[in-house]
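If you check TrEMBL, you get these features:
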REGION    1-28  region 'Disordered'
DOMAIN    308-401  domain 'Transglutaminase-like'
ACT_SITE  CYS316  active site
ACT_SITE  HIS375  active site
ACT_SITE  ASP398  active site
BINDING   ASN438, ASP440, GLU487, GLU492  Ca(2+) binding site
Amino acid sequence: SETMEKKPPLNGRRALPSSNSNDEENEVPEMEAFGLIPRGFNPRDYLRVVDINMFKEPHEINKQQHRTDKYYNPKLIVRRGQPFQIQIDFNRPYKPETDQFWLEYLIGRYPQQNKGTYIPILVGDVLKPGEWGAKITHRENNSIRLSIMSSATCIIGKFRLYVAVWTPFGILRTHRNSATDTYILFNPWCQQDAVYLDDEKEREEYILNDVGVVFHGDINDIKLRSWSYGQFEENILDACLFLMDKAELELSGRGNPIKICRVASAVINSRDDNGVIAGSWDNAYTYGVAPSAWTGSVDILLEYYSSKQPVRYGQCWVFAGVFNTFLRCLGIPARLVTTYSSAHDNNANLQLDYILDDEGKVDTKLTKDSVWNYHCWNEAWMTRPDLPVGFGGWQVVDGTPQETSDGMYRCGPASVQAIKHGHVCFQFDAPFVYAEVNGDIVYLRREKNGTHVIENIDTTHVGQLIVTKEVGGDGMMDITEDYKFQEGSEEERLALETAVMYGVKKPATQDGMYQPQKDVDMEFHAQKAVLGSDFNVTITFRNKSHNNYTATTYLSGNIVFYTGVTKNEFKKHTFSAKLEPSSSRSFDVVIKSSEYLSDLLDQASFHFFVTARIKETGKILAIQKAIVLEIPALRIKTQGEMVAGREMSVTVEFTNPLKQTLENVTLRLEGPGVLRTMKKEFRQIPANSTLIWEVKCIPKRPGLRKLIASLNCDALRHVYGELNIRIQKP
């Protein structure tokens, strides 16, 4: 019977099927005959390749010069647009007059020269910067050393290498040898690369640092925790390349950081493409890991790479942490950014409506918009040749699923510079990001006849602080100015008008209608509060007028998700405040732990609304504030000496602060280059008792490293600990 060769199905539009997998290969003939081969032909008479040395060890020249020595991967890894060395051993000395050979780099199943997936390289005399080429740098006995230059716009991925030798009767090739596979990455050190970054300190931070800091909490109480990116750990590079295959990005588009960021922002979340992480914001994480329990990206990426199924569960900092690993791993400079008070679920609308009822209480059923205490996204650094000059540099990319963009859950890249100046006409998703950091909160009162009356507008609450980790340290760097002009400045007005001109929707307030109470100020303060204890909140009125006023004041305390969505109201308190002319008055309200503990969520977040109606004028003052409780930390200690290659001991300790026993507690501990993630379950930790967990490990790499731990159970989440350690050279 005939064996049919499996042909791809016919397609009237293209001769070849689309090529979007780095994993697939084609058969490459070892002898490609030009015609009939004469009987006496013996390939052994011609130049033959005996061995190829790739200089691929971490201490050898290639990985050192290309700054890829940290990758835990045995193959050659180089950055594009920069020369690297290989050595070819032939069966006899190479004679340039008569011998002719060339190199071939192939990627994917259907290599084509015009798509950049088949790259033949002839040996020449000079290397042109940023273009494919090779030249001989050294000849000795049967060996030659080659310096090879890759193109600065080359595809990012894993290439197969063949050496081809010309004979009069056909081409002889080396056989397929995976040991000579070569990974080619982006090169922020190369001026012709689209991701070129000119500051060495920034390159070390945004490409080579494998741990980072996530800022969370809220604007009045900023909290931070470390995150292990682990972009150099074993199999992570292959997992990141797999993400591009999963997203079905054409191989020919993989040299373009704009395209890679856009498809990655969709594949990081599992909505509509079975991507890496399934989001869950409902405080119930059955059959999965609670978002707060992850300490880094490595476990998530490796689980996805092996199971090909979304990993449960993530929230914004988890999406952003994994996205950051992906970008840094491929060589795109990236950082994780936190916006406090992010107007998140917007449809590029600059107004967030909070609906009040007759008494001035916020009606949670009618109020659909929410302000997130904080939201994390990423910035990636690249030129934007698709936009006018001046919009390159940092670009917002966001892997958290919120709104669809061109029919998929993805966001960006959007130029930070374009957002600041209101030029939101430039792709991708700039209006959405502009509204996230620039919305107004409008308090509307619902009249009996169903119409809404504007009672108060807060123009400064949203996007008031945008931060990232500082370069070279764990501190916070304020980058709000990159996104917006000074509140109330002329430039800010202009940027807003520009954004509105390009289609951002501005609230239609009838200026004549809305006149706020200008002569009374209301402020709200909360005591630093520790989880499990009582605390005070204070409402202060300042009457700047010569009138006596009475303020009917309503305080509502709500337990909220960090997304600003209310779970329930746990505190109601109404009082009447007599305000004397030209004076201030403060009122304290006690919040008891018994009122909030039973319903507390993940991030121990409260949201207080205070509304006060001035009896004499009928006007309403409104204020809202988020509060995050102090959560006790884990303590990490080490014993004895810490030397690469020798066993060391790490201890994690935790004291239960609650008046109840903690059940089914999971501890996690990880540290890139020191230990793979370890997990331990504890059935119970009684109130006020201390748990101690000791772990032995053998650190791989010397230098300054970080250990990161988390504790998680239903009653208590977001418990972290970290420790900086120095591993000595053996």
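Note: Cβ is positioned from N, Cα and C throughout, glycine not excepted.
Mapped onto this structure are the features recorded in TrEMBL.
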residue: CYS316; record: active site; Cβ neighbours (10 Å): 28
residue: HIS375; record: active site; Cβ neighbours (10 Å): 29
residue: ASP398; record: active site; Cβ neighbours (10 Å): 31
residue: ASN438; record: Ca(2+) binding site; Cβ neighbours (10 Å): 22
residue: ASP440; record: Ca(2+) binding site; Cβ neighbours (10 Å): 20
residue: GLU487; record: Ca(2+) binding site; Cβ neighbours (10 Å): 11
residue: GLU492; record: Ca(2+) binding site; Cβ neighbours (10 Å): 16
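Within 8 Å of the centroid of the Cβ atoms of ASN438, ASP440, GLU487, GLU492, where the record puts Ca(2+), the same chain has further Cβ atoms from THR459, THR460, VAL462, GLY463, LYS484, GLY488, LEU496. Straight-line distance linking the Cα atoms of CYS316 (active site) and ASP398 (active site), rounded to a whole number, equals 9 Å. The separation of HIS375 (active site) from GLU487 (Ca(2+) binding site), Cα to Cα, is 21 Å. Helix first, then strand, then coil: DSSP counts for the domain 'Transglutaminase-like' (308-401) stand at 15 helix, 39 strand, 40 coil.
Within the model, the domain 'Transglutaminase-like' (308-401) shows a mean pLDDT value of 89, rounded to a whole number. Cα separation, ASP440 (Ca(2+) binding site) to HIS375 (active site), rounded: 17 Å. Put simply, HIS375 is the one of the recorded positions HIS375, ASN438, GLU492 whose Cα lies nearest to the Cα of ASP398 (active site).
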